[in-house]
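Database features, via TrEMBL:
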DOMAIN    5-120  domain 'Response regulatory'
MOD_RES   ASP54  4-aspartylphosphate
Amino acid sequence: MKNPGVLVVDDDPATLRAIMRLLHSQPFASFSASEGATALSLLEQENIGVILSDQRMPGLSGNDLLRVARSRHPLVTRIILSGYHEAEAAVTAVNEAHVYKILFKPWDDDHLLATIHQGLELYTLQTRHQDLAQELKDVNQALMERIDQKNRALHANSRTLIATQSILDALPVGILHIGEDGRIVESNALAAEWISDGHAIAGMKARTILPEGLLDLPLGDGVHCVIGTMPCFAMRTHTTSTNEVPTHLLTLIPQKITQ
């Protein structure tokens, strides 16, 4: 987007020419209008950062123009140009149109230019603030959507894990999953019942509760042993963890099934 410009509104041709001549050498675009309707049209068409309007104009007064400009383009800096005898109306403009500055005729050129530059800086600052606020809002919205997606995925995974655990618990054999660190990662209900009377065994060191040598069996081999209180046939297979380190999976078949 091109840099913001300045719109000067005055029904007096001499005043309009004088201000436009002053702005001609400035590093921003300048636009002029002799009445309110044209000014509002330019506000819609151009990137205007400052509107400098005469107080007394036929038709749409400066107060009314700046009030409408504020409602349609609230970030545009509004400056009123007023005669000393119009001070009361200028105060009304400040209250109703939230005018940034009041300049009195006859104006000082340097003061007028300094005020316009300050108005452009204010417009740029407010625009940047609005853009950053919108970016933050967009980032927060995207973050909330990602969190919502993650929550839905976690909820779905949770349901899957619950269903999987229910299936494991319904099996007539014991299941032990032993992690790469030698600790029990998970088990089904039957294995927990044999080993610890139904209490949780996740986190226990497998070699302290399993028969010696069981974890050293060749893959696919099995052995008759006693797991906890249950004589069974134990078979070792393996699965692979996320970092591709083999982990143990023991299937414990009660001896009454094998017989």
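Just so it is clear, glycine is given a Cβ too, placed from its N, Cα and C backbone atoms.
A TrEMBL annotation is a machine prediction, not a hand-curated record.
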Notebook entry, point to check: When a 10 Å sphere is centred on the Cβ of ASP54 (4-aspartylphosphate), how many other Cβ atoms does it contain?
Noted result: 23
Checklist line | Local confidence of the domain 'Response regulatory' (5-120) - pLDDT mean | finding: 88
